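**Q** To start, I am sharing the structure in question, which I have written as structure tokens.
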């Protein structure tokens, strides 16, 4: 009986997805070679892009991050959300 119970516990642990965390690109650069593990509760990868006007003219800005929810798009702001590892490249 103890062997059966132990077997069931082991099978349950193996079959469960214990502690999976999302991997997302997290940077403020145009290219982003590295990824980071998202904190608990943030299982969406986000890529935001917009054009910033500075003294040297317009420049495309991009920010990649982990998020709990997909933020809304706004005028002049493009938002891309996804739910697989490093999908916000």
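Just so it is clear, glycine is given a Cβ too, placed from its N, Cα and C backbone atoms.
Below are the features I grabbed from Swiss-Prot:
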SIGNAL    1-21  signal peptide
DISULFID  24-45  disulfide bond
DISULFID  27-32  disulfide bond
DISULFID  38-66  disulfide bond
DISULFID  70-81  disulfide bond
DISULFID  82-87  disulfide bond
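Thinking about packing and proximity, how do these listed features fit into the structure?
**A** Under 8 Å, Cβ to Cβ, and six or more positions away along its own chain, residue 45 (disulfide bond) finds 22, 24, 25, 38, 64, 65, 66, 67, 81, 82, 83, 84, 85, 86, 87, 88.
Under the three-state DSSP scheme, residue 32 (disulfide bond) falls in the coil class. Other C-beta atoms found within 10 angstroms of the C-beta of residue 32 (disulfide bond) number 18, with every protein chain shown included.
DSSP assigns residue 66 (disulfide bond) to a strand in the three-state reduction.
According to its DSSP assignment, residue 87 (disulfide bond) is coil. Of all Cβ atoms in the shown protein chains, 17 besides its own fall within 10 Å of the Cβ of residue 87 (disulfide bond).
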**Q** List the residues of the same chain that sit at least 6 positions away from residue 70 (disulfide bond) in sequence and have their Cβ under 8 Å from its Cβ, in sequence order, or write 'none'.
**A** 44, 46, 79, 81
**Q** Should residue 81 (disulfide bond) be counted as helix, strand, or coil on the basis of DSSP?
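**A** Assignment for residue 81 (disulfide bond) reads strand.
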**Q** Look up residue 24 (disulfide bond) in the DSSP assignment and report helix, strand or coil.
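**A** It is in a strand.
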**Q** Let me check the 10 A CB neighbour count of residue 38 (disulfide bond). How many other CB atoms are there?
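**A** Total other Cβ atoms inside 10 Å, all chains included: 20.
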